[in-house]
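J.: Positions annotated as N-acetylalanine by Swiss-Prot, on the basis of a large-scale study or a structure entry: Ala2. Summarising the annotation, Swiss-Prot assigns compositional bias 'Gly residues' to 14-27, 350-365. Summarising the annotation, Swiss-Prot assigns phosphoserine to Ser52, Ser55, Ser140, Ser630. Look at Swiss-Prot and you will find 65-77 tagged as compositional bias 'Basic and acidic residues'. The compositional bias 'Polar residues' annotation in Swiss-Prot covers 81-94. For 100-164, the entry in Swiss-Prot reads domain 'KH 1'. As annotated by Swiss-Prot, phosphothreonine applies to Thr153, Thr432, with the evidence given as a large-scale study or a structure entry. Under the heading domain 'KH 3', Swiss-Prot lists 275-339, citing sequence analysis as support. What Swiss-Prot lists as omega-N-methylarginine is Arg321, Arg359, Arg361, Arg363. The annotation compositional bias 'Low complexity' is assigned in Swiss-Prot to 556-573.
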Amino acid sequence: MADYSTVPPPSSGSAGGGGGGGGGGGVNDAFKDALQRARQIAAKIGGDAGTSLNSNDYGYGGQKRPLEDGDQPDAKKVAPQNDSFGTQLPPMHQQQSRSVMTEEYKVPDGMVGFIIGRGGEQISRIQQESGCKIQIAPDSGGLPERSCMLTGTPESVQSAKRLLDQIVEKGRPAPGFHHGDGPGNAVQEIMIPASKAGLVIGKGGETIKQLQERAGVKMVMIQDGPQNTGADKPLRITGDPYKVQQAKEMVLELIRDQGGFREVRNEYGSRIGGNEGIDVPIPRFAVGIVIGRNGEMIKKIQNDAGVRIQFKPDDGTTPERIAQITGPPDRCQHAAEIITDLLRSVQAGNPGGPGPGGRGRGRGQGNWNMGPPGGLQEFNFIVPTGKTGLIIGKGGETIKSISQQSGARIELQRNPPPNADPNMKLFTIRGTPQQIDYARQLIEEKIGGPVNPLGPPVPHGPHGVPGPHGPPGPPGPGTPMGPYNPAPYNPGPPGPAPHGPPAPYAPQGWGNAYPHWQQQAPPDPAKAGTDPNSAAWAAYYAHYYQQQAQPPPAAPAGAPTTTQTNGQGDQQNPAPAGQVDYTKAWEEYYKKMGQAVPAPTGAPPGGQPDYSAAWAEYYRQQAAYYAQTSPQGMPQHPPAPQGQ
């Protein structure tokens, strides 16, 4: 600071010396006072500056002291210089900044949505797992690939590439997958089993609508027509590739969780759950046997074997239906064996034995309708056309209910022959005798009266009793079991084979027929080589004469289809040794046959058709037939009753 003590005082004037001296002393005092105050101010200013500069006394300040100015010991002053971690921090930071890299990576443009995911979930997961930052270009510029910028260490960039490749490979179009017309749209078709198409669609289409809303795609179930053909149906999914893939997984999950049995009882077997399936063909009319009354039999098989059994839908034109068994292979095989044993026990109850008695059925081949009482049988009946609706019901509910209650299968023959009466409809009941009786009872309750039985009208050859229209009795001996071959409907006059009038359905008579069948004596050895059906004829007449309360002929050995005469063709002569006279049997047969013949044309009762001409032609054919099959002629039959 300036030293004001060297400043000379101001000079005084010469005039008024004494007074001037007194005035000069007053000025000096004022100057001294001002100088003193200036010094005090300067001292005060200098003291504040010294205090701020000496801020180290308070432990803080605006400027750090050099390490050398510190009052610490020398050992502590040297320690930071020997710290290896501290000395390495700057190089590590510089190395890290040098290792971060940015690389451009191309991905398919159609897979961008799949990579990003809903709400960015997929790309966030990739960045978190790889530690790499991913930036996708907003568009591809019309190119098939889009650029992605990957930023991170070389390891993280490689990890991100690997994850991206996995996602692209997973979302790569599968068979049936193609890009749609719209930008970024894709179409994929997956096959839905026919039995689960309704599950995917839902009631009124609600399920498929919910799937479309949840996945944000469009779904269409493709089928050729409204009829159910039993074939798998393609489900077409259209939308963003990622959403299409999600929708596909949702559909498969729906089928897995709700469409069938989980674990060992998975509905689709190897298609989804890894289980396998077996298809077992079942004769159409035997489906009711496998299902059982109210489904009891099929439930028992499923529970015992631990599988799922379903009948595949079909168009009803094949003679068999396919039972699909799904589950583990060993259990599927076990269930198939159970079903096969069930059918075999019903079919082969008495292999080669007689067919059901009481219906005059004499087939020369084995079939499902042959076997002891309790096996599968068939009963045909006709009802007026006006009462058909009472049996079928609205939407088939009545006939389904009767079938479920009785366990029998009931069918309306929809393709009658041209000569059928248009005012009558033919129904067929198939099942066990008990099931048929119960179904017949339920049907009669529905129509308010008895049904009109109709024997199976298929003509047969010489092996058997006089055809399906003969009097009640066991048919000719059957051969080993043959394929199921239902007889066609033919209500017209019988064919060239010998037939009699229709016989009433009498299932209760079957039990009485078999003892006589088994008790008959073997035929004459001399005739055994020429007539293989002699035993059948013997049983027939034994049963027939027992029903008529007449003694059966002694030692029967032949049938009318073979040489039965005395060698002269004359009924008046006694039969030679070893021959049997069946005159009485034929008389009784034609008496019964005549009772069933319609009235003459002149007065048809109740408008019934007159079959006199048909019966006359039938007798002529019968005579010609026996003349051909019998080398010595046939017995002379009594004249036909009046009106024939």
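Any Cβ shown, glycine's included, is placed from N, Cα and C.
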J.: By CA-CA distance, flag whichever of Ser140, Thr153, Thr432 among the modified residues is nearest to Arg321 (omega-N-methylarginine).
T.: Thr432
J.: DSSP-wise, what's the residue breakdown of the domain 'KH 3' (275-339) into helix, strand and coil?
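T.: Helix, strand, coil within the domain 'KH 3' (275-339): 32 helix, 20 strand, 13 coil.
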J.: Helix, strand, coil residue numbers for the domain 'KH 1' (100-164) per DSSP?
T.: 32 helix, 20 strand, 13 coil
J.: For Arg321 (omega-N-methylarginine), what is the tally of other C-beta atoms lying within 10 angstroms of its C-beta?
T.: 20
J.: Among Ser140, Thr153, Thr432, all listed as modified residues, which has the most CB atoms within 10 Å of its CB?
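T.: The residue with the densest Cβ neighbourhood is Thr432.
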J.: Do you know offhand how many angstrom separate Thr432 (phosphothreonine) and Ser140 (phosphoserine) by C-alpha?
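T.: Ser140 (phosphoserine) has its Cα 73 Å from the Cα of Thr432 (phosphothreonine).
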J.: What's the CA-CA gap between Thr153 (phosphothreonine) and Ser140 (phosphoserine) in angstrom, rounded?
T.: 26
